[in-house]
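Annotated in Swiss-Prot:
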{"type": "MOD_RES", "residues": "MET1", "note": "N-acetylmethionine"}
{"type": "COMPBIAS", "residues": "1-27", "note": "compositional bias 'Low complexity'"}
{"type": "REGION", "residues": "1-33", "note": "region 'Disordered'"}
{"type": "CROSSLNK", "residues": "LYS120", "note": "SUMO2 cross-link"}
{"type": "CROSSLNK", "residues": "LYS254", "note": "SUMO2 cross-link"}
{"type": "COMPBIAS", "residues": "280-293", "note": "compositional bias 'Basic residues'"}
{"type": "COILED", "residues": "280-313", "note": "coiled coil"}
{"type": "REGION", "residues": "280-490", "note": "region 'Disordered'"}
{"type": "COMPBIAS", "residues": "329-343", "note": "compositional bias 'Basic and acidic residues'"}
{"type": "MOD_RES", "residues": "THR340", "note": "phosphothreonine"}
{"type": "COMPBIAS", "residues": "344-353", "note": "compositional bias 'Basic residues'"}
{"type": "MOD_RES", "residues": "THR358", "note": "phosphothreonine"}
{"type": "MOD_RES", "residues": "SER361", "note": "phosphoserine"}
{"type": "MOD_RES", "residues": "THR375", "note": "phosphothreonine"}
{"type": "COMPBIAS", "residues": "376-385", "note": "compositional bias 'Basic and acidic residues'"}
{"type": "CROSSLNK", "residues": "LYS380", "note": "SUMO2 cross-link"}
{"type": "MOD_RES", "residues": "SER392", "note": "phosphoserine"}
{"type": "MOD_RES", "residues": "SER396", "note": "phosphoserine"}
{"type": "MOD_RES", "residues": "THR423", "note": "phosphothreonine"}
{"type": "COMPBIAS", "residues": "427-460", "note": "compositional bias 'Basic and acidic residues'"}
{"type": "CROSSLNK", "residues": "LYS435", "note": "SUMO2 cross-link"}
{"type": "MOD_RES", "residues": "SER443", "note": "phosphoserine"}
{"type": "CROSSLNK", "residues": "LYS461", "note": "SUMO2 cross-link"}
{"type": "MOD_RES", "residues": "THR465", "note": "phosphothreonine"}
{"type": "MOD_RES", "residues": "LYS468", "note": "N6-acetyllysine"}
{"type": "MOD_RES", "residues": "SER469", "note": "phosphoserine"}
{"type": "COMPBIAS", "residues": "469-490", "note": "compositional bias 'Basic residues'"}
Amino acid sequence: MEDSASASLSSAAATGTSTSTPAAPTARKQLDKEQVRKAVDALLTHCKSRKNNYGLLLNENESLFLMVVLWKIPSKELRVRLTLPHSIRSDSEDICLFTKDEPNSTPEKTEQFYRKLLNKHGIKTVSQIISLQTLKKEYKSYEAKLRLLSSFDFFLTDARIRRLLPSLIGRHFYQRKKVPVSVNLLSKNLSREINDCIGGTVLNISKSGSCSAIRIGHVGMQIEHIIENIVAVTKGLSEKLPEKWESVKLLFVKTEKSAALPIFSSFVSNWDEATKRSLLNKKKKEARRKRRERNFEKQKERKKKRQQARKTASVLSKDDVAPESGDTTVKKPESKKEQTPEHGKKKRGRGKAQVKATNESEDEIPQLVPIGKKTPANEKVEIQKHATGKKSPAKSPNPSTPRGKKRKALPASETPKAAESETPGKSPEKKPKIKEEAVKEKSPSLGKKDARQTPKKPEAKFFTTPSKSVRKASHTPKKWPKKPKVPQST
């Protein structure tokens, strides 16, 4: 029996393909009802043969689907809700309703309230009512959500809590295409609205592929009701799709476990005629894009040429300036700003000031002092040291002298007396001794000086930074008079 049923299904599919594809590529904008009738009849006979073979194991409410293949994959996901003249759900299907929590009431009271509301409008298809509070508490775990998903065939929800459901029910409802359909429970004609939601269908067009399926009925329905539902779906597609009916490529009818039988096919010529304007617009856009790219490349080449010309001009100007100037210094090429009269004046004034500063710094070259000689400034400092017995404050180094170099220190063995005993001919810059005596007479504190105090050695001056402290010179050890040696008597 099963072999004969499969043979009949294949023969029906062959007849369907032969009738659906005409010899000439004529535009078929309307659906052929005879072809739809043949395909549906073949599917029903196949399902009856399977029922006789497997007996009670067969599901009597096996669903029928209409497969839609589009010419182009859409850029965005599309969810189209369509109304059908005949209900596609049987009486044995379980339907669940999610409701809002009523104020100042428990979950049991809210369920009773909405059950009375449905009975008042004569609605008996809803099998269970679940409030939002019970959904949060009892169906929080992963296993509970899967159990809820498998226990019901269709889900309805109150329009007031529709935005709260995605975080509560999870992603599995959306993956298995069991998204709850929103209903306005406050409407006056509630029975009609709920029946339209239950009896209608939804087309989910994904952006991952060009093929999608729509539920159009079940095996227990009459053939005429199924055909009317298919015609209603095709009308809805021609209105809701982005490019209307021209975007439909193929239509098939199938069950969950059977082969797909074709009922409509379009041709490439029809698609080209329908999308002639769109193709022209695309060509124009591509031509504009290519023009922009060419212009951009031309601008890049012009910029490169300008930069190369500037570099060559600067090199040539350097080569011209070098032989003209007899000095070793090489003049730098003037920039564009220096070529203007205003900028040139400013640059000349600054250049003069810089030249003067460099000349002054060059004139102030520090003079080197020999080791054995002394300057008059050093003599004055030594005289004050002998008079007061205190060190003179350390002078900061001259800013004109370089800080990196150190001045040589005086020898440690040299005492002030030895320095004074030098001949005046060797040191022409020395002052006469008369001035030294006059300075001694003016300072009254010279007589109060302690005779036991030895004169301090002259400090070695280092050109260091002013922040560093100068080291103190070590005092010379006291010299005790030696006892004269008495010759031994023989």
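Backbone N, Cα and C atoms are what each Cβ position is placed from, and that goes for glycine too.
Counted over every protein chain shown, other Cβ atoms within 10 Å are most numerous around LYS254 among the recorded sites LYS120, LYS254.
For the pair LYS120 (SUMO2 cross-link) and LYS254 (SUMO2 cross-link), the C-alpha distance works out to 39 angstrom. Secondary structure at LYS254 (SUMO2 cross-link), taken from DSSP and collapsed to helix, strand or coil, is strand. For the compositional bias 'Basic residues' (280-293), the DSSP-based tally of helix, strand and coil residues reads 14 helix, 0 strand, 0 coil.
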